[in-house]
Every structure is written in C-alpha cells, then in structure tokens.
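Annotation comment: Swiss-Prot describes Asp549 as active site, protease, evidence class sequence analysis. According to Swiss-Prot, the feature Mg(2+) 1 binding site maps to Asp789, Asp863, Asp864. Sequence annotations record features per position, and here Swiss-Prot assigns Mg(2+) 2 binding site to Asp1180, Glu1200, Asp1221, Asp1291 based on sequence analysis. Per Swiss-Prot, compositional bias 'Basic and acidic residues' is recorded for 420-451, 479-490. Per Swiss-Prot, domain 'Peptidase A2' is recorded for 544-614. Annotation comment: Swiss-Prot describes 106-197, 420-490 as region 'Disordered'. According to Swiss-Prot, the feature motif 'PTAP/PSAP motif' maps to 108-111. According to Swiss-Prot, the feature zinc finger maps to 490-507, 1339-1377.
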Amino acid sequence: MGQNNSTPLSLTLDHWKDVRTRAHNLSVKIRKGKWQTFCSSEWPTFGVGWPPEGTFNLSVIFAVKRIVFQETGGHPDQVPYIVVWQDLAQSPPPWVPPSAKIAVVSSPENTRGPSAGRPSAPPRPPIYPATDDLLLLSEPPPYPAALPPPLAPPAVGPAPGQAPDSSDPEGPAAGTRSRRARSPADDSGPDSTVILPLRAIGPPAEPNGLVPLQYWPFSSADLYNWKSNHPSFSENPAGLTGLLESLMFSHQPTWDDCQQLLQILFTTEERERILLEARKNVLGDNGAPTQLENLINEAFPLNRPQWDYNTAAGRERLLVYRRTLVAGLKGAARRPTNLAKVREVLQGPAEPPSVFLERLMEAYRRYTPFDPSEEGQQAAVAMAFIGQSAPDIKKKLQRLEGLQDYSLQDLVREAEKVYHKRETEEERQEREKKEAEERERRRDRRQEKNLTRILAAVVSERGSRDRQTGNLSNRARKTPRDGRPPLDKDQCAYCKEKGHWARECPQKKNVREAKVLALDDQGSRGSDPLPEPRVTLTVEGTPIEFLVDTGAEHSVLTQPMGKVGSRRTVVEGATGSKVYPWTTKRLLKIGHKQVTHSFLVIPECPAPLLGRDLLTKLKAQIQFSAEGPQVTWEDRPTMCLVLNLEEEYRLHEKPVPSSIDPSWLQLFPTVWAERAGMGLANQVPPVVVELRSGASPVAVRQYPMSKEAREGIRPHIQRFLDLGVLVPCQSPWNTPLLPVKKPGTNDYRPVQDLREINKRVQDIHPTVPNPYNLLSSLPPSHTWYSVLDLKDAFFCLKLHPNSQPLFAFEWRDPEKGNTGQLTWTRLPQGFKNSPTLFDEALHRDLAPFRALNPQVVLLQYVDDLLVAAPTYRDCKEGTQKLLQELSKLGYRVSAKKAQLCQKEVTYLGYLLKEGKRWLTPARKATVMKIPPPTTPRQVREFLGTAGFCRLWIPGFASLAAPLYPLTKESIPFIWTEEHQKAFDRIKEALLSAPALALPDLTKPFTLYVDERAGVARGVLTQTLGPWRRPVAYLSKKLDPVASGWPTCLKAVAAVALLLKDADKLTLGQNVTVIASHSLESIVRQPPDRWMTNARMTHYQSLLLNERVSFAPPAVLNPATLLPVESEATPVHRCSEILAEETGTRRDLKDQPLPGVPAWYTDGSSFIAEGKRRAGAAIVDGKRTVWASSLPEGTSAQKAELVALTQALRLAEGKDINIYTDSRYAFATAHIHGAIYKQRGLLTSAGKDIKNKEEILALLEAIHLPKRVAIIHCPGHQKGNDPVATGNRRADEAAKQAALSTRVLAETTKPQELIXPAQVKTRPGELTPDRGKEFIQRLHQLTHLGPEKLLQLVNRTSLLIPNLQSAVREVTSQCQACAMTNAVTTYRETGKRQRGDRPGVYWEVDFTEVKPGRYGNRYLLVFIDTFSGWVEAFPTKTETALTVCKKILEEILPRFGIPKVLGSDNGPAFVAQVSQGLATQLGINWKLHCAYRPQSSGQVERMNRTIKETLTKLALETGXKDWVALLPLALLRARNTPGRFGLTPYEILYGGPPPILESGGTLGPDDNFLPVLFTHLKALEVVRTQIWDQIKEVYKPGTVAIPHPFQVGDQVLVRRHRPGSLEPRWKGPYLVLLTTPTAVKVDGIAAWVHASHLKPAPPSAPDESWELEKADHPLKLRIRRRRNESAK
C-alpha cells in the first residue's frame, strides 16, 4: 500500500477504451465492472495462481480458460473476458510494459494450478528498485528465521477439474504476499504491489503447513482516501459496498480491521443496520440462514474473538466473517423503491445517449432494489430510456418498428445516430434566420398586395368621378394609340429606358403635379410621407409599438400574445369580410398606470393599432405641431389605501399641528428621535423568549418578491444593519419577510410574518391597560395635557442572543454582498408578546417618576403617554421631567406627534378638553360615510365601528336591535325599511352625541336603569353641585332566557348586566342603583319558578354587595327618558305581578277537585328488539279511555306530554282531575310552559327547546276543560288506593300500546266530544268544506281532469254536496294543471285497433325526457290496448337490446306472451334483434308510421299523459328528478277511469284499488290532521285488511313429530344436482341417528335434512338373520338363511 506500481488490472482499466475496442474486434462485449470483479474476486478463487491484480502470464490465463470453458461447472458469462485477456497477452498493446508481458504475477501458494508443473521463466530484474519499509514511525517486528526455499516446485499439478490437495494451505493466507522486495533468484514468486493487513512472512515451517502470517494495519492515508473518494453509504451504497467487497478478497482484513473500516466509513446508524443484516445472513449447517443465537455469535461475533489466523480454523472463521459482513452490506444497501427519483433523470441537451444511460442505470441502482443489468429489468430500463430521452431522440425511438425486440445496446445505437445528426448551433441560427427572412418576405408581399388593391380601388373611384364630371361628352373608353408598344414592369414611360419609372426619370422636367389623396396648398411636405403617430406600450411585459388610429373603433394586435377568448367579430375590409378573435384581458403598463384591455387579433394588419376604445380608457390627447403629432395621457398614479373600517376615522382627522416650541428641541436634544436616532433602554435586561414544550424549529420559505418591492425595502434593511438592529446569522428558524407598500407613496416597509413563531412561543398574561377604562383614573380637575408618542418603541429593548435565532429571515442583496439570513437584536414588531413586554418594561422604568411627581397624572398605553395636571405650570414641569427621564432611560420621542402643554389634545382616539372626553369629528365622519350594508359582514363592521361610540349614544342596543339578526350568515339577507330606519337613527344619535364627563373616583356614582323590549338601558352619572353629569350611556340586549321573564325579573337582569359594565368605569367605587321596581326585595326573596339557583346566586353576588345600594324610584328617571316604543308601565307591586305571571291558567289546580272524575295518564318509552318503542295511554281506573303507540324513537318525556295533552282534549267542556307521574309534564303545565312561551320557546343559548310542538299543544289544550286539576302522583307504587292502581294501569296500557301496531287515537265515547255543528246527518256525508278539502287532496295525487276526477269520486262511498261545482273549482284553480295541460280542440272521433282481452295487444314506444337520475334520458312505454294498463321503464339508451330485455324480464313473466305488438318504425323496433325475438316468441310485430293515431294513438297519448303528470308533480314538489316521480305518475295512469267508467286496475284485477275504499288513505277523519297522521291511518287500514289472510301463519303450531323417520328405517336421499337421465333420488340408506330436523344415514358422512328424505319402497329380502340361544350364557348364535322365493 502506498506504492504507485501499475498492475495488469490497473493498466487495462486505464486503457479501457482500447480493451473495449479489442473486444469489439473479437465480436464479444465486455463491461468494465464485471472485468474488474472477475479479475480481482472471481478468478483468484479458481486455485490456478491467478492474482487479484491480474497477470499476462499465458500459462495462468490458459488454466483459467480451461475452467471457464468446462462443459459441466463452467462459466459461460466469463468467456468474453478471458478471451480478451488471452488476446492481450498474446498480442500486447503498446501500453503494456515489457516486464509485464512475461512476468508471472503469482504467489508461491497460488501456483498449484494446472500450470504449476510447468517450469516458469526466470523473472527479469524489477523495473523499480527495492523499497524499504514505508512505515515512518516504527520498524516492523523482526521476522523469524527464514527457511530455505524449496529447490523446485512440485513436478505434477492436479489435472483440470480435479480438486487440489487438501493438504495445501487454504483460506486467507493462500493469497497473501510480502511487502518487501525479493531477490530475482527467489523462486517463491514475484513481489506484490499491495499492502495487506495479513502478510506472509516466509515459507511454511513444514512442507504441507500453512504459510505464517503477520498483521500489518491499514495506513491512515488509505483510510482517508477511501473515506473522501467514495460517497456516503446512505447516498450511494454501491460505492462503499464494492470497495469493501474488493477489500475482503484482496487485503485480507482481520476482525479488527473490519471494525476499523465500519467505524471510519459508516455512520452509527449505518453501522448498526449493516451488523443487523449480517447477523440475519449467518448460515447454519443446512446452508440456510439460521436463527440460533449460539451459531450466530460463533460465526459473526460482536466482540473481539480470540482467533489465531495462523491456524486453519482461525482463517476459516475469518473467511466466514468476511462473507457474512459482505452479505450484511448488500442487505443494508437495499432501498425502498422510489421510481419518482428515477423519473427525474432526464437527458441533457448536449448529453450523449451512452452517458445518459449510465446515469439512468445508476439511478436505478441508487433508488430501487433492482439491478438494471439483469435480464428481467431490461424492459423497464428501456422504457425509461426512451421516455426520458431528449425530445428529438424520444420521437425517433418511439417510431421504431418492432420496438419490443430492441435491446438497450440497439436503442443506444439508434439514439447515437440521432445525437450525431443534430444540427449545430450555427446551423440552427442560420436556419431560423432564413425562416424569419422568408416570413418577412411573405408578409411584405401580402402588404404590397393589399396596398395595391386599396390604391387601385381609390384610383378607380377617382377616375369614375372624373368621368362623371369632366368627361360627360365623351363617355367612350379611350383606347391606346395604334402601334404603341406596352410598357414593361420596370420600363420608364417617359424615356422608355428600363431600370426606373417615369416619376424617377432624370430626363423629365421637374413639373409639379397634383398628388393623389393630398391637398394642394403652399408649404406642404410634398410627396414625403407624413409622420405617423406611434406610441410604445408594454403589453404583458413585452414592449409593442402601436400606430395611433382614431378611425379604428377597436385596438388591434397582430399576435395574440397569450390565450384567445371565445369572442369573435366580423371585420369588413377592402378584400371582403373575415372573422377574427379577441384576446382575453391583457395587462398594459403605461408609465405608472396599469390597465387591462382585450384586443382584436388581426394577423394581416400591417401594424398594431391603438383604437378609440383604448385611447378613451387612457384619456389620451393628440396634439399636432410642426414636429408632428404627439400623443399624451394623464400619468397620475392610482393609489389604493387598505385599512380597517374602525381606523377609517384617521383619514378624516386634521393633522395635529406641531406646537413644539424650538426651545423644547434645544433643552432636550437627546430625547427626540429626529435628532438622537434610535433609542436603547439601558436599564432593561435582554428579553428571553421561552418556547413551548416540544416546540421544534420551523423554516418557512421566503415568498417571491418583486423587484420594485425589494428595492423599496432595501434602504430600511440597510439602515437597520448599520444601526446594529439586524445582524447576519445562521439559524434553523426562518420566517418570510413581507413588503407592505405605504399608502400615498411608493415607499415600502418590511413586515415579518411571525405567525409560526407565535404558535411555538409560550403565552404570557397580557397586562396592557384596557383603553375602555384607562381614562377613568384621570381626574376631571386636571385640564392641562401633554401627549408623547415613543418612536420605534419595541426596538428600544434588547433581545437575548439565545432568542435571536427565532426571528431569522432570508435576505439577499448582491450589491452589498449580503446573502443569507438576518435576525433582530431588538424586540421585533409582529411578535405577540412584544406589547406586553414593552408595556411592563416602560412601566417599571417610569415608576420612580410617578413616585417623585404626584402633582401630575401619568397614563401609559404601551408607547402612548399622557401627562395631565391641574395647571399649566405643573403640566410644563411634569412634561420636562418626563422628557428628561425618558432621555436618561434611553427612550426616544417623536417630535412630529408630540402635543405639549395644551388644553385640548387627542389621545387614544378621544378628544380631551375641560375634563371631558368627546368623540372626534373624524370618528363621526367615518360612521356617517358608511353606506347601507348589503352583506352580514358589512352589518357587523358597521355595528363594530358605531359600537365604539356607544358610550355617547343613549339606548344604543335598542337602536341597533333590528340590525342584530342580519349579522348571521345562516339567514337570508333582506334589507327592509325597518333596518334602514335603525341605520339612520344610529347615525343621527351619533351626530348629537354629548360630551361625557371623566369619571371622578372621589365621588359616588348613580346608575339609572330601565328595561324595554328585552334591552337594558341605563345612564351612569355623577353629581356636580346640584346637577347630575352623565359619565356614560349604557345599553345591552338581554339573553333569550331573561327576555322571557316578567317585567320585574327582567329589571333585575338589566341591573346586573349594566352594573358589570359600569364597574369598568367606576373601578369598584360606590354605586347607587335607581330603577322603577323594588329590586332589593326581589333579589333578597327571589321567586323559585323562573330562574335557576346558579343564576340567582350570580345576581345576588353582584347586587347584594356592600358598595351597591338601591334607592327608591325617582320621579324622573333619566333612563326612562330615553326613546321608548310604548308608554311606561303603571305603578305595581312586583310580588303580585310575579304571582300572576307564573301559570298559564289562573284556575289551574294541583290538588284534586272534589266530586270530579279522575283520569290517569302515562307515557312509556323503552328499547325492544333493538328499537325504541313508545306509547301513551289514559285510563279511568277501570278501562282504557285512550291508548296509542307513538313513532319509533319517541322519548318518555314526549310521551308524557302527548298523554296529558290528549287527556285535556278529550275532557273539553268537562270538569276533570288528571293524574300524571311525570314531573316534566307537571312542571310544564303549571310553571315552565308559561315561561317558555314568554321567552319564545328558546333556551339560554338562543336555540329552540325540545318538544316545542308538544309544549305548544299542551298550553292550548289546558284551556279546553271547564275546570281542571293536574295532579302529580308518585309512580310505580304498590298500594291499593285508587291513585296507585290507576297509575299502574296507565303504565301497563302505555306499554301494551307501545308494543302494538296501533298508531291512531282510540276514544271510548267520541260522540261526547263532537260539537253539534259537526254532527253528520248520514254516514259518509261530508260538509262542503271537508268535501272540497277531500277533492283537493285527491286531485293533488292524480291531477285528473274534471270528468275523470268526478268519476273517481263517485266510485267512493262519500257524499259531497255540490260535487260537480267543487270538482270544477278545484281543477280550475290548480296551478300545475294550468301550466301543463294543452288546449283541447274538437276532432272527429276515430277508431283504433284494440285487443279482446288483457295482455294480448300491446303498443310500445320510446319517448325522450330530460336527463334524470343515473343518466336515464328515455322512457320505454308499454300499454295494453284492452285495459289501458301502462308499464313505463326509464332507460339510458334507445336500443333494441333495451326493448328485448324489458319484454323478457317485465312483460312476459307478468302478462304472458302477447299476440300483437305495435310500434312505429324506430331503429329500436325494426332492428334484427327485436324482430328476431318476435319471431321466436310468435309475436306479430306490427310496424306503422310514427304519430299515426289509428295505429299508435293510445301509446302516444299515454306518453303525453305521463309527461304532463311528471311536470305537475315536479312543479308541486319542487323536485327535478323525474325518475323518482315516475311511480306516482303510473299510479295516476293506472287508476284513471276510461270511457266505460272502469280503471285499468279494475279491468286487470277485477276490483277497485285500495285508495278508493272507505277509511283508506284519502278517507276523511274527525281529526283531519297532517299528512303523516293520514298515512299512518292508511297503514293501519291496510294491516287490518290483510290480517285475516296472514293470521293463520302466526298461530302457534301443534306439538307433533317433525318427521316420521326412525332408527333402522330405509330411506331415499334426494340428489342436489341430478344429471341428465339420472334419477332424482338415490339409496336406499339405513337410518342410524335422528334429530327433530335432520337424520344420520349409513354411507353418507354428513347429516341430511328431513325434507330431503322419503321412505324407501318395501322389497322382499333375499336373506334373513336368525338369533338362536346357545348353551353358554355369554354366547349368542346368529344364523343367516337364504330366501328361496327371492331368487
């Protein structure tokens, strides 16, 4: 190791191109990788003396060749390689040195091959001098005494194919060599050029012994080279895998060396994976991987083993360890398949195909577990090679015929042809230049042609005018003179010379001629062309020169420059008309303006035109001067300002005049930011930002930034860098930088998006003051103010170095050399905790100032400071001291925004003046300019903006109450006049907003409260002498629960609500509450039926506070003077009002009435058979008065309400006691029902309460009885008193009703509950109103005409007065029929062919309908001509297969085979399939013309009927899917009476349809309630009708023997699948065992069901057995006797 001597293998690899050429000449193909593998790893194992570094010794080559060419056990894949080696040795190329041509490079141990018996030529002197030991630090250990070399090698070697002598040394020592040079006379072998860890140090001590080995470690240079020259194992495992595989066979590493290689070349994770895979590949005794731990540890130890490498066993174990380690390397190198990485490998524009293939195969090896050189992977590699090649090569390869037969070499060869035939860059440029010139010539020719046509038209028109005006006398056309020759194309008409025209003739005199299309005036430009007005505009980033054409209506482009829209325009030109397209919107940039415009695309136009449309949009002006026409337009930039609506008032604010005296600037020069620069708080430690637990770095890529924006924020970034606020860094955190354009200027400011950082930083409690009550601590006596605004406040606080990497962002400035990340050294803006951190730091710094200056009041809101003092002197002194303190602390104040020692200042959006706060005119102007909203979001924005001013608006909540419902997105937005009035009233109230006094915390407060329409309104006041000054106007809407309370309780809720808001202004001072109710008595003795204990406790904690006192109602309550909608309530006593408003009925009792019957109600709900069953019942103690089951899923509470409601209805006009064991129903009737009704049946969350409909029904039914008492009784009692017994019976009746199918009310004496007006005179007779309602319901289901509907009603058993007029009225008022029915016209009655019985004669037709569900577009209609029965089937297609399928699957099984089928000549009916089916079935298929009434009138009329019915149903239901409505249309068609008064149903089935039976679906009922109730009644009727037929099935069966078979019987067993001509039964079989349902027989393993058996017929036996008694008691004698008769 470390020498530079070349070896045969390295020589061939260095000159591989020559080697491959020689192989090509030999008609073989070789690969570089296999060449190296065979030479260094494979052939040295043959035992013929082949060294790993190769040799040109012919004897060794021939020995390897014999093994390779063996018939059995040979290596055909190695044949090309050994043949090339032989050719190189026999005909050496020039780069083979002379010594290598005859040298035998082999070790003494490796010369035992077939060539060992041949005398070798004496070695020549070495080319290089002998080298001493290369280890620089220490000498190698002393060698043992060298033994004399053997005199001669063995005479005879083993024959080819014969195994070498087992006594010969094997293992790693077989190929080791010494590093020291040997003398030329030494016959032991040539010197090796490779340093090995295990090296032979001499001949073996014994003739057949092992060569002693000595350990030499790897050099650091080799390890460094291997580490640096190979990619990492994770990136490319093939590199290190090949390296270690070669090292294992060439360098003889020991166990320690292997560990050293693993430690240096691999990472910890890679090393563990390799060792794990290696231990999985340890082979057992059977040659397969073993799982035994002892064998694994023995073959592949993880700890250093005690192996002796000078013994055969040690060398064998080392060899096994190396092989296992290589197997582990290969196993760990397997990667999951990632074909996406393979598809990313594309051929470069100038990349040769062979290089691209090599890269592609390398990608396969790296990203897939496949070997691309394997035969099975060639197809995939070939497809990838074709698909990922360059476009021209890919196009060529895809066109090859028989592509599947091409190998990779063939594809590369074809690709090389295309690659080498490519045109060069110069050729491509030349070709493109010629094509451009050709296009230019064609365009010029077209333009010349068009101009020629135009001039010809103009000249001809002028000539015609001349002929009409000046040549009237001579209208004949002039002919040329006789003999005058015609002129050539380039001949002059004046001098007859060629090469010029007459106007350019030099011999012609300069005579001024009249010019065509020009004016004759003095001083004109003559024949020179006028300057054309042209402008250059940037369209989609491309500058284009336009010709200004005011005569053109539209602007024109010659090329679309992008997508073309669908719009087209016909253009009339001189050569005719043509259609041209329009472009989509294109972006134009004109100066600082940007507009979008659509252009007309006319490729034939000579130049782009700027028409009147774009000139108007640009407001262009065209000026004509001596220099030529000039086009100008308004170039003022359009600015867009985006801001929040609540900040819009700042646009209307007048700029605060700078009233700073220059003396202030001179006295404190270090505090003003304009002079002193950026500040730095010198007493605040650096801020440390704490992360959340588990937070990991996040890196958000920088968003793309325009050049303009980058240039705009560059000065700011550079300024921060110069000030040290920004510093370069390298951080795993990164957040994007956003350039924000400042309104009104082109300046940008950098804003960092710190949202991801804010998510990962711990939250701290915000201590920033609330601006709502900040001014409450300002005494009204302080009327002199100073306002200071700190400049760059957050940047005054330093950021701890450990926290700075969190706020890194990416910034590139090539001009300044800044590329990478920057971060903040100060507290950044946009960080969520910055306001709190700065507010706390500034508050701590200013604490000494507050303590030393009690004469002034200092208010701080983050970086806004307010100094208030009672006098100017105090204010000035306090302001000076504050400025001095701020300068000392390191803060900076903005001189532009400072307001010093003034009586009127603006602070936090308020105007402070004379101890009061006012709304600024800017805020009022903002609200006044808001237009009426059109969306819920705009309503919320208006209420939010106006809500900021609600302290100045009396009763703001009342004014805004109509607008609150419009803020919800879930309801439709409808702006009505009521909303507009509320909108205007809020604006008007804002204009008259008064001044509010600042709260004086030294005085008590008075709160006047009033409640109107669910809104709490109040005024917070303080006394000033004899007057009360308002501090704030308060108003708030009550929650839905409190809104439903009585007036007195709503007043309590209003006081509690407003008192909480007033506490924000009073800061816990004493408050006196004045209202128009005796609130204190209500709060101290609250009612127990209106509010929960939690709510009452909350109210008591607020109102029964020692600082809250209640005063008697005042004569004049300022709160009641607020605008109200009704008069004030009269004077009352709250306790009486609450008692009156508690119940729903004053005489409702909760104790039984004496001498009154008692009913017991109960509801039951339970789960049976996985379903929740429910029922309700009423009993009177002896019998059931009413019982019914309820819909599935009904709760027990709902069932109780239903039972109680039904009892109240049945007791209408009576005196009754009703008992219920439900607390829910009892409380609803007595207490909660009234409360629910008052607050709109809403919960505290504003949602509908449960069982809303049942509660409303109960509240209405309570008033029906004459006198009623609803009593609560305990449930499930075991006593014998009447109440307990009645309750138990009611409970049992409810449970039975729940299990039954009865779902309708069942009354004992219904006649007692019917009013006299409702008593029917005859059974079945209806009142006119009920009759009309019945007809309407029937018409809604059928939509029949008046005649058919009248026939249908007459078939019922109902008697309806004025039936005909009612039918005509109902049908004439039907909107769906009016919109669908056609106008009837008189026609003569025709005749049609009909069948003589049902199912004989059918007519069939297709009709097209609009697309419906599942893609159905057609309707296949069959109609029986005899009965009129119709069948209709939705279909997707109109084909013969569909017709045949419906005939076979629908018509034949149900109606039989028809004799005649009639249809038109449609393709589906005349097809061979349809006619063939008719022939096979014997159907006479009659074809006729379409729409012929005599032949197909019945089916055509039915098509119309079905379509009309579907249309009516769709109009009524609003549904669009006609497929779902088709069954209802068929119901109408099948139950419509015909001309004989019979419906198709009656003709076909011989009876009326179920819907016409009395009491059916349409039958009237005393309680004619909703549709669901009617359908349930119909279900009961149907169940009653069919019960008699099916009840026999449900009777319990008789106890009988299930089958007659007994043990010992002979039975026959049925075959499951009898074959052709095979009996159905098999057997007989003997019965062995029986069960009630199955039988076990002899000969069949499985049990046989009794239904598959029958008794076998009796037969005469041919033999019998007899039992005879024997003498021995334990013996029996059985005798067989032949039956002679059976023979």
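Numbering starts at 1 and runs along the chain as displayed.
A Cβ is built for glycine as well, from the same backbone N, Cα and C atoms used for every other residue.
Structural mapping of features recorded in Swiss-Prot.
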{"residue": "Asp549", "record": "active site, protease", "DSSP (3 states)": "coil"}
{"residue": "Asp789", "record": "Mg(2+) 1 binding site", "DSSP (3 states)": "strand"}
{"residue": "Asp863", "record": "Mg(2+) 1 binding site", "DSSP (3 states)": "coil"}
{"residue": "Asp1180", "record": "Mg(2+) 2 binding site", "DSSP (3 states)": "coil"}
{"residue": "Glu1200", "record": "Mg(2+) 2 binding site", "DSSP (3 states)": "helix"}
{"residue": "Asp1221", "record": "Mg(2+) 2 binding site", "DSSP (3 states)": "coil"}
{"residue": "Asp1291", "record": "Mg(2+) 2 binding site", "DSSP (3 states)": "helix"}
If one looks at the chain holding Asp1291 (Mg(2+) 2 binding site), which residues at least 6 apart in sequence have a CB under 8 angstroms from its CB?
Asp1162, Ser1164, Asp1221, Gly1275, His1276
Would you list the DSSP helix, strand and coil counts for the residues of the domain 'Peptidase A2' (544-614)?
3 helix, 39 strand, 29 coil
Going by DSSP, how much of the compositional bias 'Basic and acidic residues' (420-451) is helix, how much is strand and how much is coil, in residues?
28 helix, 0 strand, 4 coil
Excluding Asp789, Asp863, Asp864, please set out which residues of the same chain place their CB within 8 Å of the center of the CB atoms of the Mg(2+) 1 site, keeping sequence order.
Leu788, Leu790, Ala793, Tyr861, Val862, Leu865, Lys897
Using Asp863 (Mg(2+) 1 binding site) as the reference point, find which of the recorded positions Asp549, Asp1180, Glu1200 has the shortest Cα-to-Cα distance to it.
Asp549
Averaged over the whole of the zinc finger (1339-1377), what is the pLDDT?
79
Run through the Cβ atoms and count how many others sit within 10 Å of the one on Asp1221 (Mg(2+) 2 binding site).
21
Round to a whole number and give the Cα-to-Cα distance in Å for the pair Asp1180 (Mg(2+) 2 binding site) and Asp864 (Mg(2+) 1 binding site).
80
Please list, for the zinc finger (1339-1377), how many residues fall into helix, strand and coil according to DSSP.
26 helix, 1 strand, 12 coil
Quick check for the class: what is the C-alpha distance, in angstrom and rounded, between Glu1200 (Mg(2+) 2 binding site) and Asp864 (Mg(2+) 1 binding site)?
65
Tell me, how many other CB atoms lie within 10 A of the CB of Asp1180 (Mg(2+) 2 binding site), whichever protein chain they belong to?
15
To the nearest whole angstrom, state the Cα distance for the pair Asp789 (Mg(2+) 1 binding site) and Asp549 (active site, protease).
58
Rounded to an integer, what is the Cα-Cα distance in Å between the residue listed as 'active site, protease' and Asp864 (Mg(2+) 1 binding site)?
60
Quiz question: given the recorded positions Asp549, Asp789, Asp864, Glu1200, which has the greatest number of C-beta atoms lying within 10 angstroms of its own C-beta?
Glu1200
Let's check the environment of Asp863 (Mg(2+) 1 binding site): how many other CB atoms sit within 10 Å of its CB?
20
Per-state residue totals over the zinc finger (490-507) - DSSP helix, strand, coil:
3 helix, 2 strand, 13 coil
